[in-house]
Amino acid sequence: MGDAATDAGMDAVQKRLMFEDKCILVDENDNVVGHDTKYNCHLMEKIESENLLHRAFSVFLFNSKYELLLQQRSATKVTFPLVWTNTCCSHPLYRESELIKENALGARNAAQRKLLDELGIPAEDVPVDQFIPLGRILYKAPSDGKWGEHELDYLLFIVRDVNVNPNPDEVADIKYVTRDQLKELLRKADAGEEGLKLSPWFRLVVDNFLFKWWDHVEKGTMHEAADMKSIHKLI
């Protein structure tokens, strides 16, 4: 288990998820090699000593005006509390429906599940077949001295008008942004204004892919941008 003093201050909901959720362990080629608790997968000590790498997904949901839905992670999140990030970021779990690698179906099933859990978006608002996997990235990012991320992340894009009812255990705030509004958020984060922080995985996607992919979102040509054969190592 972890450090008792540190864990004692952990939010009860987050603590339960840390030990109940089983993440999918993969190698750097995205082959499944086992599973471990969410707790162990986010301990920097384990990440560094055992090179634990787990599968993840990041949803980028746009409305019909092609504005991107962002969320601010709740203050009780163990990793990266109160940072702004893309619509939803989480992990497929080690269960049959979320282990399916073909057409990224496992990640898409997990995305539908977590959009309901975090943002209250009903499954019928985000049909699994409407998620378009555009790519995969591999990255490592410490959150603080104890916690961090080491993920092979599926980037899932979807254009839908949805009903949003955020879960306060997961989400502190939400907003839709245009390209220009996102660029202003980036400027503020870089300048340290208003205490604004962005998640490291979101920033990697923004810096490497997002704005060119946004063109495809608006043109309805996302399939042309998709590259699920490559794994972009952004470490």
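Placement of Cβ uses the backbone N, Cα and C atoms for every residue, glycine included.
The following features are taken from Swiss-Prot:
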type     : residues                     : note
ACT_SITE : Cys89                        : active site
ACT_SITE : Glu151                       : active site
BINDING  : Lys38, Arg73, Lys77, Ser90   : substrate binding site
BINDING  : His42, His54, Glu149, Glu151 : Mg(2+) binding site
DOMAIN   : 52-204                       : domain 'Nudix hydrolase'
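Recorded features from Swiss-Prot, shown on the structure.
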residue : record                 : contacts (Cβ under 8 Å, 6+ apart)
His42   : Mg(2+) binding site    : Met18, Val78, Thr79, Ser143, Trp147, Gly148, Glu149
His54   : Mg(2+) binding site    : Cys23, Ile24, Leu25, Val26, Asp36, Cys41, His91, His150, Glu151, Leu152
Arg73   : substrate binding site : Phe80, Pro81, Leu82, Val83, Trp84, Thr85, Glu170, Val171, Ala172, Ser199
Cys89   : active site            : Ala56, Phe57, Ser58, Val59, Asp153, Ser199, Trp201, Phe202
Ser90   : substrate binding site : Ala56, Phe57, Ala110, Ala111, Lys114, Glu118
Which site among Glu149, Glu151 has the most other CB atoms no more than 10 Å from its CB, taking these as recorded positions? Glu151
When you measure from the Cβ of Lys77 (substrate binding site), how many other Cβ atoms are you left with inside 10 Å? 19
Taking the center of the Cβ atoms of His42, His54, Glu149, Glu151 at the recorded Mg(2+) site, which other residues in this chain have a Cβ no more than 8 Å from that point? Cys23, Cys41, Ile47, Leu52, Leu53, Ala56, Thr79, His91, Gly148, His150
The domain 'Nudix hydrolase' (52-204): mean pLDDT? 96
Looking only at Cβ atoms, how many others are within 10 Å of the one on Lys38 (substrate binding site)? 20
